[in-house]
Amino acid sequence: MLLGMSLEELTTVALRMGMPRFAGKQLAEWIYVRRATDFAEMTNISQANRQKLAEIYDLGRYPWSDVQCSVDGTKKYLFPVGEGRFVESVLIPEGDRATLCISSQVGCKMDCLFCMTGKQGWNGNLSAAEILNQIFSVDEAAELTNLVYMGMGEPLDNTDEVLRSIEALTEPWGMGWSPKRITVSTIGAKGLERFLAESRCHLAVSLHSPFPEERRKLMPGEKAFPIMQTLDRIRAYDFSGQRRVSFEYIVFDGLNDDMRHADELAAILRGIPCRINLIRFHKIPAVSLRSSDTARMEAFRKRMESHGFTCTIRASRGEDIFAACGMLSTSKAESSEEKSS
């Protein structure tokens, strides 16, 4: 697929086909700036070369197959990504902002207790083209102001393709977005150091408990990617510039919502310039956890602020269409596809 290729790769494509070197830049402009969906649109490339391109290459653009709309304006898109596989993307409009939450894997290996995506298992990484197609193909593509890699999957378990997609989004030959418009979420997976070194996008870390043993029960990935090691890596990086790091903390009733947890959270984050986002737990099937109530979340927030941290309670969006944090799953769509085939 041409979508997801770098300028260098597109130039190589052009040269292999006997086209002039500058045709690589033409291809990049048509793919990333003009967002062409068909080679026939590329009118400054000869008809003969357009035909050859179409015979050899897939442009990588395809439409969504379903969309659901929430009462709060949130929209959830379903995208096919190969035979019988799907991913979901979520559009979150808010005032003059439009944030798209995109997926990086089909399912997820991390198997977090509170997340529906992990319950469906892992069925492959997305290519850079499949990641970018989500951005290009939603109805609101031209209105997007921010991107968050917080959909299905662990982005830094698919570091190569995630970084390729970010390159196409932020380089001048691509979409030319500021990295400040993009946030990548992780539990602290193996690609963290490379992400910090090779991109300038914001980082969000899924934390959820300051106590490693408790976190391991909620997030089995703690065994392979200990939070304390993740925090050491983050401390070693200079976040004094415009790049930000935030920590996501789902607040569970009677589990991690007391002042002991708040104080320990403050202790382990000491010295890291960061924001803490408190998130309500959204009920999913076969999981007995419950969300903490507003009063306890507010008390937790104030305690974190007393320790000198910026702490906010994040608004829930799209819960009625299973588009809120931890609720994305394409198991039903994939099951329906299998039955119809």
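Using the three backbone atoms N, Cα and C, a Cβ is placed for every residue, glycine included.
Noted in Swiss-Prot for the protein shown:
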type     : residues                                               : note
ACT_SITE : GLU88                                                  : active site, proton acceptor
DOMAIN   : 94-314                                                 : domain 'Radical SAM core'
DISULFID : CYS101-CYS325                                          : disulfide bond
BINDING  : CYS108, CYS112, CYS115                                 : [4Fe-4S] cluster binding site
BINDING  : GLY153, GLU154, SER185, SER206, LEU207, HIS208, HIS282 : S-adenosyl-L-methionine binding site
ACT_SITE : CYS325                                                 : active site, S-methylcysteine intermediate
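Around the Cβ of LEU207 (S-adenosyl-L-methionine binding site), a 10 Å sphere holds 25 further Cβ atoms from the protein chains shown. Note on proximity: among GLU88, CYS108, CYS112, GLU154, the recorded positions of the record, the Cα nearest CYS101 (disulfide bond) is that of GLU88. Of the recorded residues, the residue listed as 'active site, proton acceptor' and SER185 (S-adenosyl-L-methionine binding site) place their C-alpha atoms 16 Å from one another.
Taking the C-alpha atom of CYS115 ([4Fe-4S] cluster binding site) as reference, the shortest distance to any of the recorded positions GLY153, LEU207, HIS208, CYS325 belongs to CYS325. With respect to GLU154 (S-adenosyl-L-methionine binding site), the closest of these recorded positions in Cα terms is CYS108, chosen from CYS108, CYS112, CYS325. For the S-adenosyl-L-methionine site, whose binding residues are given in the record as GLY153, GLU154, SER185, SER206, LEU207, HIS208, HIS282, the maximum C-alpha distance rounds to 19 Å. Cβ neighbours within 10 Å of CYS115 ([4Fe-4S] cluster binding site), excluding its own Cβ and spanning all shown chains: 24.
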